[in-house]
């Protein structure tokens, strides 16, 4: 019988609870099981079940576990399940005997009343009345045993241990909200507005920021629009999900900072930071490192079969693959799946009809698990958020960009490709095998090589490197015998290459490797075009072996000199060289006021395609001059934009390079979409265009512009730095990078995001008005070219 009890404890009790509740159980059982701080941190569910079996000989601690679960509102359903499982083991006869011991006057129970009897054992009526009395009695009546009052809540045990002290028996603790197990969808909606058991935690806690989402807009039950973001923070012993309802704190929750939080709320295993909370950066003597196991635990996503077993009311975070999307009038059903099963995610409000497709990954924040008819669903609530991780770009299926076979994709590391600068001479290029075939280079590779040579010459000469002789890195089709390399003078000065040129050369070498591999050139040995100072005497050409060994071959991966915060792990630099003509560019503007981060927008085009560009390196402003032809490489493709960062290569193309952009393509770049077209577009796309302001309304932190044309009206919602622009009814707004967001009535609205920009085109009578620095005035309708 003891073994059966242990099976219930482990397989149907501990196994199905989440990590936070398991840590809570360990804390509550710490006295009974003699768990020290290290054991509480390191023991897993199996080890705890073993200790419970040893300590509680009769039922392996099942009764104790049921009592704990009953005190946690989100686990009440699970407590009932465990009672029924315990009843099955004990049998009806033993249940009747137990009932007689408790209440000798009670009649023998039937099978159905046996369930209630078992419930009485774990939560007898007298105990319920006593608990109710305690709640009314005040502080004196609220004292209970330490083992029942010390979960490692963010403000209690967990945070205390993180700061080097054990939780006090009298520490005020927080309780998750009283989630009902009722499965009616109306109850789910009601649950969003029902007051939760919020516990104000005044004690300051020190945490490290692990990650944050972008700010997003949500709607309160009072139909008021507000902005928030989610974050994940950690101490040295545990992590916490945080709702940050004060977006002015975004800078604090940034860059792996260590911060101090006080006056926050705690509920649902979450922390809530609002306008009343205090957040400050920790001092230099308050730094600490979060163990990797805590970081990995914070990133962990539960398997779907485990979610199906969890109690209704749990809050869920995680990354799931989208299998199917069904859009209804007010809700969207996202069917997610993994290798263990499937589950529906119901999105409403800001989670309704987000732009995603099958194969994308959905990162869910703060979704509620609900059950109905033994079926589990994840339901979005007021603060829920979905972040899309797009599947592999379809362009990867293009033969031009498909991965090459293993032997074609392997090159030596940079150290073997001669990119070091030990002294002041140029290194003699490494030569290919002596007998390459005449088809060693394809025609496409020859074109690529020609482009690369031109590009490298321009870039290095532009950086100020003065080569005393012919440019030695030109490469081309190899003949049937090795070429004698062109050698520089024997005594160039030690300042032959500047540090800046060294960086340029390193970038160019990396870029050429990526480009030529992408084009399909098959180099049987080390890359021959690496350049750099060598020793004080010429090198004999280094010849690779006829059959290169795998010891010096490795799969080439693009190397980024700097990994900016804006680039997520799902985005990658595009290594292909893109020659474009600049059509227009905005002025530089500050998009992050506190850190004074600047950027500008641009529109560029090839001879058959137009691209919107976000440029985060304002030193490149001169490059993005209208009608100039430039070459761009190592840029990032995201959300329909090309993004240019400090690691991106941008250079002028030869003066004799001509590019004719069709007039129809130029017109398409400057056209403003009609409002009725916007209403039918996919929500989540980004919009540029010029619209007339029909009405302006300022409400709190937001400014609402009603724009109109001859096809309809739409609302533009502006937040943050753009709310102070000088704009009146009748003016025109040139909007850049505004997100098309869903709105009730399925009309949609345009919302400002962090990279949005507004240019005000004033009417003649207001021409002399002073404008906000974030905007500019223009009276000519020909604003694009």
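Glycine is no exception: its Cβ is also placed from the backbone N, Cα and C atoms.
Owing to the predicted nature of the structure, the values given are computational and were not obtained by experimental measurement.
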Given the candidates 88, 621, 683, 696, specify the residue that Swiss-Prot annotates with SUMO2 cross-link.
683
Could you check which of 390-442, 443-495 is flagged in Swiss-Prot as region 'Disordered'?
390-442
Of 136, 252, 561, which does Swiss-Prot mark as SUMO1 cross-link?
561
Report the member of 575, 683 (the recorded positions) whose C-beta atom has the most other C-beta atoms within 10 angstroms.
575
Just the number: how many Å between the Cα atoms of residue 683 (SUMO2 cross-link) and residue 575 (phosphoserine)?
30
